[in-house]
Structures are given as C-alpha cells and as structure tokens.
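Student: In case it's useful when we look at the structure, here is the feature table from TrEMBL:
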type     : residues  : note
DOMAIN   : A:153-386 : domain 'AB hydrolase-1'
ACT_SITE : A:Ser193  : active site, nucleophile
ACT_SITE : A:Asp353  : active site
ACT_SITE : A:His386  : active site
There are 2 protein chains.
Amino acid sequence: MTPTASSHHGTPERKRVGAIVRIAALLGAFALAVTPAAALDALVQKQTFTLPSYTTVGGAALRDVKVGWEAYGTLNAEKSNVILITHFFSGTSHAAGRYKPTDPAPGYWDAIIGPGKPLDTDKYYILSSDTLVNLNAHDPNVVTTGPATKAPDTGAPYGPRFPLVTIRDFVNVQKALLDELGIAKLHAVMGPSMGALQAYEWATGYPEVVGRIVPVIGSGDADGWLVAWLDAWASPIRLDPNFNGGNYYGRAAPKAGLTQALKIVTLSAGAAPWANTTFGRKWAEPGKDPAQDMANKYAVEAKLDEIAAARAELADANHFLYLVKANQIFAAGGDVGLARITAPVLLISSDGDLLFHPSAIQRTADEIRKGGAPVEQVKISGGRGHLDGIANIQEAGEAIRRFLDK
Amino acid sequence: MTPTASSHHGTPERKRVGAIVRIAALLGAFALAVTPAAALDALVQKQTFTLPSYTTVGGAALRDVKVGWEAYGTLNAEKSNVILITHFFSGTSHAAGRYKPTDPAPGYWDAIIGPGKPLDTDKYYILSSDTLVNLNAHDPNVVTTGPATKAPDTGAPYGPRFPLVTIRDFVNVQKALLDELGIAKLHAVMGPSMGALQAYEWATGYPEVVGRIVPVIGSGDADGWLVAWLDAWASPIRLDPNFNGGNYYGRAAPKAGLTQALKIVTLSAGAAPWANTTFGRKWAEPGKDPAQDMANKYAVEAKLDEIAAARAELADANHFLYLVKANQIFAAGGDVGLARITAPVLLISSDGDLLFHPSAIQRTADEIRKGGAPVEQVKISGGRGHLDGIANIQEAGEAIRRFLDK
C-alpha cells in the first residue's frame, strides 16, 4: 500500500473547500504541509486520505480506498499529542469547528474541543476520521468509500457487490492514515456510539498504539437488543420499491424508505423527556387538529419527518445497510474479547439510553476490568437518551479533561 | 339504537365456533341465555354485539356496528359483579381461557383470571370486549367494525372512507353493550396499554358507572413521545407499494409493510433484558454466520420477523393506522382531564416500559390525585419492558385482588 494524504483542491465541487483552505492559509494556520493547526477560531478543512489498495477483514481486495479526515490543534514535534476521534452511525468526521463562517452549527463535539476546552487544542492534536461506508455519502464534506463509490474497474458505483466491512476495517484504514502521517502512538481514541465501538476495536486490535480510550454511549459488543434495533432501523429501506436490492444508482433512489429509516434512528436515539419538553402534544399546524383528520399531524411527528428528510438528502441507503451490518456483527477483540484491552478506559454513558442499555455498559466495564485494565465510569443525565453522548457531552467535560491529562 | 347481543351461529365461517358453543352447552356451562358462566376449565365462547346505528364522537353515522365479546364467571342476580376488561393495541377480547382444548395458549391475562385467581371467576363476572377497528380484523375469533368491514350501503369494505374513531368511541360502544345486557354499574374497568386508555376514558366519561379502575402500563393521555412512536410504527405500512392510500381490498394487501410495522411494535414493547436473555448474539441458522454474509441473520432478527409475519396474517393495515390515530389523539376527560375521575385507581406500570415512560405514569397519578380520587401505584419488574403488563401481570396479582375486593 502506498497511501497518500492530500488536501482537496482542483475538482470543481471542491472550489468552496479550496477557498476555505486559502482563508486558513491567510490566517497562518498551517504548521505542517498536510495538517491544519488552526485553533478553532480558524476554519476547519476536510482532507482526503487515499489507500491504493486495501484488503478487508473478510478478504475482499479494494483499490483506491479514500476516507476524509480533519484535525484541530497542532501536532507536536514528537507526534505524541494525538487524540483520534471516531464518529457515530449517522455522523461524519466533522467533530468541531466550522468549514465556513456562515455554517449554522459547528461539529458535533465542539462543546468539548477547542482552546482551553477538555480536548484542549492548545495541547492536543485532535484528528477526526470519516469511516468506510459513511452514511452521508452525498455530503460534499464527506469522503468515504462504499457501495455509492464508483468502482475503479467499471467506473460505475459498486452497489451491493461492495464487500461487507467491519468496525475493524474502519480502524485498519485509520491506522494506515496514521502510518502515513508518521503517528506511531495515540494519546487517546475517543468517540460516541459507533465511535465508541471503534475505540474498543482500537484498544483490542492495536493495544501497543493506544494510550487510553474514552468510549461514549457504546458497549464492547452489539447485544441482542441492539442487533434487533439495527434491523428495525433498516426495514423501511427494503420496503421502498426503489430499493431494488441495492441496485438503484443512476435511477430513483429509495429516498422515502431511507427517510423513514432515519426517522426511527432519531426517535430511538432520543428519549421521552426530550420529546415531551420540546413538543408535547403541540399540533404541527395551527387550525389543523390531529383529532379532526387522519392526515393532520402533531408537531413531534412533523419535526421528525423534516429532520429525517433533510438527512436523507445527503445519505445513501446502501451505506445505511452496510453500517447496520458492521454494527450488528461488532464484538471487540474477537474470541479474546475486551480482556485484551490494556489501556485505561473512561466509559461515559447515559442511563436513559434506549439503544445501549445500562446492562450492556456495565457488562462492558466488568469485562474490561477482568482483563486488568482500569475503568472509570461517568454518567450523563441530560434527558436526551442515547443522544446525551453528543448533545450533553459537556456534562462529562471535566472528567474527560482529568482523564486525558493524567 | 336497538342493539342485539347474540351468539355466533349459522354462517359457514362460524361453524367451528358453533361446535364450541355446543360443547360448552354439554358441559352445562350456561347460566343465562346470552352469557356463558363457564368456569375457565370450560371453553370460552365469542359472542357478537350489534348496534344498528352509532354516531361517532366526530359526528359520523355508522350502521350495523358489531363488536365481539366474551365472558368468564357468572353474572349475579343484581348484575353488580361485573369487571370489564379492555384490550391492548394488538390484542383482542380473548383475555382468558381457551376456545378449544387444543388452543396452544389461553387468553392474554389468564394468569390472573379464573377460579381463585385475583380476578376470581367464582366471585366476578369478567366481561371482555373487542374494540372498533380491532387490529386482528381477519382473525375468525375477532368481531369488529372498521375499514375492512363491508359497508352496508355498498357491500364493499369501507377502506379509508371509514371515519376516524376515538378511544371514547370504543368506550361508547362498550357502554351500549352493557346497556343491552342490563348492566348499570361496573365493579371495575381494567386493561393493559390501550386497555388502560379505555379504563381512564370510562372513569372520566362515565364516572357514575365505574366503581374503580385498574389501568395497567398506560397513561392518561398520549404524550409527545408516544405520539412519535405510534407514527414510527405506522411508517412501514405507508411505504408498501400495495398500500395505495388504504385502497387495497380485493387486491394484494400491504402485508410486507404491515409485517415490518408489527416488528417495530414488538421490539419497542420489549426490553433489553428480554432480548439478551432469550437470544443474545445467537445466529438464526447454524453455519450461517451473520458476519460472513449480508443476508445472514441473528436469531433475534429472525424471530421478530417470524412473529410479525404470523401476526400480519390476521391483521389489517388500515385498522393499524386507525388504531394509531385513536391512540395518538387520546387525552382522557377532554378539557377537564383526569381530575374528572372519582373512582379509586390502582395504577400498575413497569419502569422498563419504553412506550409509556415512568414520567407519563407519574404525571397521570399526580393529576388524578389533584381531582381527589385515591391512586395506589404498583410496579412490575419482570424485564419485559412494556410487555411486563401482560407477560408478568401475575407480579401484581395480590395487589389487584386486594384492590378489587375492597
């Protein structure tokens, strides 16, 4: 493998990103050729890592594998201050900052990443990576390889002939990126939900590389409960007549099914206090009482539909199904399991989490401790359920800071 | 209205039921012409109540409204020993006993209904009623009126022109059945989930009739969280190309969508301890590792599909959507609300319930107490989540017995 890490520029759809690169350069934000060292008052830049060839855990050979990444802070001379951020199921590598000043919101963990924040960019180099089969395949700020990617041999999207990939494959591609950047050790690996799964996989798969992990709202394997939910999420996609067994590129995509799938994701990642405080029994439209007509909706229904429809615009249905599979078959450390972990663990969870049940979190902590690694546990109680690990991560901010600075 | 309560016989599809009636008669099980007084070692018989005309809460006039009902125990001379059982979303009036000796399982609350049991059939006359738009419209043991029913004016199923109906409509039809049977007072009204909603509606709508209520795993209105879940349940049906806006009678029904809808119902009514104890990460088929092929499944996925497919055979997609609406728009007592309740309340819930959140249960108890009625609360902890109210109702058995016998 001869991987390359390069900035985006040149192609027409990357012009805006190119402009951002220029702005960042004007701000004097580049410490190294390929790694932006901008403090988060500067803009964030997406970069592309290319692996000319990669063989999956299942033995499938892929050519020209690309994933996106971005970074916040400055890589020190020893390259010893790296924290790797791994993203959640429907997330991307955009963990902090903004691509342009007018972005409506910063990356998902901006509350804890930045100068003086728990993941202190004055101290750490925070590197965040897109995964293979990233859900948001059609987001111009996402770089990924999956069924929607044009296969080098045919020039047409892989579709369902793309090989099954695992969380370990996500981690192996990240490892190749770090090798390319000359980073031999990680101060920490940290991520929420599917990002936690990657953190466990890093700690079991590359124990010599990983200094510590902070898995957030995620357990060391997918239990039966999570397996069933992932399947329930996927079911609307297969019902959409446009799905056609995954062969829909170049024709109408199964957007209605994908929208309903994303709606169930959002709902099951939520919690009753959130729905009742934010919406309660409010109607979607004044004058349209839901009790008067089968078609009249409540605000909570309309808002979930709206969120899901917006997300479906940038997402790909096959990528959704490949992510479901990767999450379902996840069991960190294979036969040896979590006892393989040697790195200290800060395990952050929410007891209101419907997807990763408190019993799964506790079992994970217990199994890691059996192997001898120290586990510290912190609970968030923000009323958002699973999403507490993203929306209310600042509740665990000082615990994270202490753990990282140890 | 000139309602009639009659046994099934005569029509070809009722022959088997007719045979059961004969067996029951041979056992000497009939104390009254229309009401079987069989102890539950005798067989249960479904009966039909017909209302020649009924006007819904929304003002729609329906003719020839039928619902099924069954009863366990003996109605006393004063007709003062009646407990009305109201069923859950996907349930029927079959709360106890068997229709024939070879039935694989008895009615859903058989654990607490029978001679010497908390709902003691030696003492009480337990009457259980099908609702309007019952989900299991194609179950030969269910009698209901809804979109799948042939409209008297056309002879064709109503389909989506059937009027929107409410929990109050369900209760009003039950009231008409009681009037026909000469029952002026109810010792208690009791039911799980949507059955609890009917119990609250009885206590607010007909306070002078109801002696006490036992709502189980249900709150006094549908909060935003439940509204959203009901919508998520329904979404696969609308994706099924056979759904066709509800106009599918006489052609292929949207069975695939209905199956997926029922799968989400079963899962969200469940709980992690159940999924993990019963299935964990077991494969659906030996030799077919889910990690080896996108099509290979885990046991929990296959079992949920199997359960859902079996239930879809007897269910109707339009009825599902009408039930979703009736549950979403539910708020007992209208503008006055739960403060209208005067009857003592035994409120039974499970803290593992994902659908009726503990906060909704507590709010319900508090609002009833504000109106002055006494509320006793009991929690079930069987690890089945919402379904604890059915599968583990015996945990609350003695509390129910004491409350009913007060």
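Along the chain as shown, residues are numbered 1 onward.
Using the three backbone atoms N, Cα and C, a Cβ is placed for every residue, glycine included.
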Student: Given A:Ser193 (active site, nucleophile) and A:His386 (active site), what distance in Å do their CA atoms have, once rounded to a whole number?
Tutor: 8
Student: Compile a sequence-ordered list of residues in the same chain as A:Asp353 (active site), six or more apart from it, whose Cβ lies below 8 A from its Cβ; state 'none' when nothing qualifies.
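Tutor: Correct list: A:Ile217, A:Ile361, A:Gly385, A:His386, A:Asp388, A:Gly389.
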Student: State the count of C-beta atoms found within 10 angstroms of the C-beta of A:His386 (active site), not counting that atom itself.
Tutor: 24
Student: Looking only at the domain 'AB hydrolase-1' (A:153-386), what is the model's average confidence as pLDDT?
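Tutor: That stretch averages a pLDDT of 97.
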Student: What does DSSP say about A:Ser193 (active site, nucleophile): helix, strand or coil?
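Tutor: DSSP assigns A:Ser193 (active site, nucleophile) to coil.
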